[in-house]
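Q: One structure, pasted below without further comment.
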């Protein structure tokens, strides 16, 4: 009886709000595309991180990124489908119990995502500003503690409305069940949510990236020449004229400062853009200041878009992850193509040694050899802050059997926390 009464109240609440069929269709389509894109992107990033953990040399960054990907994926899988259905029906049709559960999961995953983003900025700070003590500051044990504390804090914040401080309910303007921010019970909870999730995250990120920018500018002024292994020093002396160090230094200086600045703006701008308007809106609602229906819907849609933005910035933005995803997709395409094409028609073999696969079909030889040919050398961590500066000795062997000592700038010496884009 209580559930029927609550469901009726929810329907009566939505009766005063009306969207045209066209507006509802556009809204529902946008939510569906967002959910599908987020599921695919987060699944690809998570699969690569699990299958190839060596891509990121620092296990702490990998754990934090995995947790961020998992929370974004779960929000897309558990919350957004019901948001889509509510947008399509313009009402909540899943009952009061699942309304409470949806509100809980919405707060849980959004808080967990912001917490992981905050700790990722701390990880980048120690990796770049304090590289000598990075292993102790971001040890596996500490990283596990950070992840567990983030999830426990998120569960605690999401559980408060269930315990009576705050209230979960369906809100048509937000197209889902979430905290009823305008309710008197939620006034204090709204401020707590804003401080714990957004304000704390922004303060930590601003401080961390401020010091990262200072380190980038300092590096750009000093412009140190990349240090090569001691075994190569003798060869470098004989070919120093062939290396234009001034060109490398100027490029490294310009790339370091501008890249760090662009990345800082991108990371901070994403959090501010996705969550700033939404948090301001709910704070106004908690103070009984009316916010236009269209603005509420727009702000909540932008906040939902963060589940797609996170894997793009923190996953696809890393070159080694992007390359691995491309190889996976390319291999799937080749295997599907080979499944419908006779083996006798496969007139090409992509392989370091074609003779090895002369009598093998495409599915047996070419896909594997293509993966070998395209797979990059083992690279150190390349995360979204400072660029990589590396020098490489060419691997070619001269006709007389001696290795070439000519130095190129195609491979640069890693600065901790560099970015390959």
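Positions of Cβ are set from backbone N, Cα and C atoms, glycine also.
Annotations in TrEMBL come from automatic prediction, not curation.
Annotations for this protein, taken from TrEMBL, read as follows:
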DOMAIN    41-314  domain 'G-protein coupled receptors family 1 profile'
TRANSMEM  24-50  transmembrane segment
TRANSMEM  64-84  transmembrane segment
TRANSMEM  104-122  transmembrane segment
TRANSMEM  143-165  transmembrane segment
TRANSMEM  192-212  transmembrane segment
TRANSMEM  265-284  transmembrane segment
TRANSMEM  296-317  transmembrane segment
Q: Looking only at the domain 'G-protein coupled receptors family 1 profile' (41-314), what is the model's average confidence as pLDDT?
A: 85
Q: Under an 8 Å Cβ to Cβ limit, what residues of the same chain, 6 or more beyond the ends of the transmembrane segment (296-317), are close to it?
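A: Answer is 27, 30-31, 34, 37-38, 41-42, 44-45, 48, 65, 68-69, 72-73, 75-76, 80, 83, 110, 113, 117, 120, 171, 173-176, 266-267, 270, 273-275, 277-278, 281, 325, 384, 419, 421.
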Q: Sort out the residues at least 6 away from either end of the transmembrane segment (143-165), same chain, that have Cβ-Cβ distances under 8 Å to it, and list them.
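A: Same-chain residues near the transmembrane segment (143-165) but 6 or more away: 59-60, 63-64, 67, 100, 103-105, 107-109, 111-112, 115-116, 119, 123, 179, 185-186, 188-189, 192-193, 196-197.
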